[in-house]
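*Asks:* This is the feature table in TrEMBL:
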- 23-107: repeat 'Solcar' (REPEAT)
- 26-44: transmembrane segment (TRANSMEM)
- 79-101: transmembrane segment (TRANSMEM)
- 122-210: repeat 'Solcar' (REPEAT)
- 230-315: repeat 'Solcar' (REPEAT)
Amino acid sequence: MDASSSRMQTFGQTEINWDKLDKTKFYVVGAGIFTGVTVALYPVSVVKTRLQVATKDTVDKNAFSVIRGILKTDGVPGLYRGFGTVITGAIPARVIFLSVLETTKLAAFRMVEPFKFSEPTQAAIANGLAGMTASLLAQGVFVPIDVISQKLMVQGYSGHAKYNGGLDVARKVIKSDGIRGLYRGFGLSVMTYSPSSAVWWASYGSSQRVIWRFLGHGTDLKEIAPSTWTIVSVQAAGGIIAGATASCITTPLDTIKTRLQVMGHEKRPSTRQVVKNLIADDGWKGFYRGLGPRFFSMSAWGTSMILAYEYLSMDLFLSLTSSSICVFLFPPYL
């Protein structure tokens, strides 16, 4: 068997066999796990969003002061504003994402195979292409949910309007701007989440392979597989690296997008005006508002989903080798 065939055999055994997966069980269990992780991490998204939309006159200048302010005025429920909207809408968005991701990834591996790149490079390109494509298609569902949930997150904060739930937000947005109002910032969402997803998956796929090689594990299918703890540790490290890389690169776009989406109907500033206001308030560092919570959220999503993957892999997946790739049930959007 030549080297090219050997590499394809390796990819075939380290990737999930999507056709043989019990998709019903996968989605049901995955949705339950996603809900649990969202409950744990949702307050981080609320804090990040408030930091990004705060004006220069706002007292809250860091994550801890935002949390204190929310608990003082609204108690713990304040950390979960918009949660119902996210749970209702994000599950179908993530089902779309996962379906496209898995059906696209193996094809991407085959597409880059003839170029004879190194294995980490092939993993980065294939995972990146699949992640970007999946994120692009999922935005059709996710952007309206994003607009509604973020308006609920910041209602009454720093001069923002108050609402009586997600339906009230949707009704007022549609009344003011029509259906297109629910897709405000769609272009920036695509520019934020698609590259973010691509960078996250590319960094995750390539960093894992580099770490495995550093630990002395190659692509030899006959070698002894490492322990479960070693696999989880490597996957966790890959998730943290991916979260750091993606958050640093895409946070400026995320900040601009968030401010565009939550501005009141009477203001509706352009992207250019949002950028000018950010620079006037905080200089260039203003584009990195909420970087800490966003990095934490993206990294935590990765490490949390590793545990879900290891649980589901016992019943749902084919046997994996030492160079296995952890395919997360749901990527870290927020």
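Numbering starts at 1 and runs along the chain as it is shown here.
Here the Cβ of each residue, glycine as well, is placed from N, Cα and C on the backbone.
Quick caveat, the model's predicted, so the values are computed rather than measured.
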*Asks:* Just give the helix, strand and coil counts over the repeat 'Solcar' (23-107), going by DSSP.
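*Replies:* Within the repeat 'Solcar' (23-107) the tally stands at 72 helix, 0 strand, 13 coil.
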*Asks:* So, by DSSP, how many helix, strand and coil residues make up the repeat 'Solcar' (122-210)?
*Replies:* 74 helix, 0 strand, 15 coil
*Asks:* Give the mean pLDDT for the repeat 'Solcar' (230-315) on the 0 to 100 scale.
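*Replies:* The answer is 79, the mean pLDDT of the model over that range.
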